């Protein structure tokens with residue numbers, strides 16, 4: 001129904017208004033600018049899933065970081081006032097530091113009783129009719145309506161012996177055995193035999209705070225670990241340990257993520273903490289020790305699943321197929337990786353968190369004068385505003401719609417392109433890719449289209465194979481041939497002197513060379529010997 005009204009609203013808008021829209025105030029454009037500038041992106045597409053709920057962007061719990069909180073005293077007013085915004089909470093595989101703003105206690109085997117107002121019934125003694133429980137004395141506002149259980153006892157002067165008892169939300173140390181025109185709820189056996197509850201904040205009973213204040217909070221996430229040290233935890237715990245109203249706020253970019261009331265501590269029949277499905281959290285920029293209970297952590301904004309996917313592309317036609325392949329790989333990774341195949345820097349996450357929080361603040365401020373339930377209304381208006389921004393971006397031509405995603409183009413200078421004609425020109429390959437559905441077949445077709453035709457190469461396949469084999473094994477055969485020839489030559493030189501000595505010993509006898517003396521360097525002795533031999 002909400003989407004129909006949005007489309008009707010857009011259809012009635014004049015086109016010049018859409019073309020002259022202030023894109024700097026558009027949430028889709030703002031998110032894209034933060035992602036592009038924080039990660040130095042250029043010449044690519046940033047695709048967002050269409051937002052129909054604010055949980056399309058979710059908050060992640062942060063592990064190790066330094067955080068400087070802002071502290072203040074007094075009744076929180078203005079920007080320090082806590083107005084919750086329910087957001088989706090990312091599943092964390094790591095333990096994160098969390099803090100119980102108020103300590104839990106076990107209600108089992110505790111003495112507890114509250115009063116029933118019976119004076120209006122003109123009764124001087126018990127019992128009070130069932131259902132006439134004095135809410136001002138029996139429960140805190142915001143807790144479920146107390147269930148009245150009958151309980152039998154026989155105090156003197158009270159007939160019949162039936163009274164009623166409301167389960168206590170917080171323990172009291174006093175006991176009044178003289179009701180005097182009131183029915184007292186005495187200690188007895190509950191239908192729920194045991195349960196764990198959060199204590200009320202220390203400054204909850206401050207006189208200047210409205211009595212109808214709803215205590216907010218519950219368990220946050222299974223990833224929470226109370227034992228992990230963190231500087232902000234000790235500071236916040238020490239600051240809130242006071243009966244004086246105090247508040248604390250996160251720096252820009254960070255938020256408090258606190259457990260909602262729908263998450264329950266253990267009770268009879270459910271020995272473990274129960275969490276909502278899907279996991280949600282209450283987002284605050286400021287919390288106080290007046291109304292906040294339960295478990296809180298600090299977090300940042302991140303995309304949900306593959307809510308944001310980065311597609312790389314290039315301008316030249318010959319490289320377009322390569323961009324298509326990269327896009328397919330990015331989409332394939334995005335289906336597996338929790339961050340859409342893209343790494344977000346800490347600065348980017350803080351800026352995204354700050355932007356979404358600014359939108360939430362302006363949304364809450366715009367409806368602050370309404371007397372309706374501001375918590376649920378803030379979420380509805382927030383959803384509608386984000387959805388409207390996305391639809392305005394689509395109608396204005398700033399984003400190209402592909403596969404149910406709204407894609408904005410980051411130009412060569414790293415800025416979000418707002419020229420409709422340029423966006424249309426650059427979106428040609430994106431639409432072609434979208435028709436393929438980022439499937440393996442589409443990627444393979446892109447690879448084949450990028451390669452030239454192989455028909456002309458078939459006749460050359462045989463010679464090319466021979467040449468390839470020669471290149472591979474030719475050096476080995478050449479080295480082997482060289483070694484073989486060198487070995488034969490060496491053997492030939494070693495046998496030659498032996499043959500000469502053998503021939504000389506056969507031609508002349510032993511007496512033939514008896515007058516030969518060793519040669520000197522000039523050969524003179526050899527010539528003299530030969531002359532004597534000739535004589």
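Backbone N, Cα and C atoms are what each Cβ position is placed from, and that goes for glycine too.
Keep in mind that this is a model prediction, so the values were computed, not measured.
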Notebook entry, point to check: Which residue, chosen from 68, 122, 351, is annotated N-linked glycosylation site in Swiss-Prot?
Noted result: 68
Note to self: Looking at 322-342, 364-384, 385-405, which stretch does Swiss-Prot describe as transmembrane segment?
What the structure shows: 322-342
Next item on the list: Kindly point out the range from 415-435, 436-456, 457-477 that Swiss-Prot annotates with transmembrane segment.
Entry: 457-477
Next item on the list: Mind checking which residues of the chain, 6+ beyond the ends of the transmembrane segment (457-477), have their Cβ under 8 Å from one of its Cβ atoms?
Entry: none
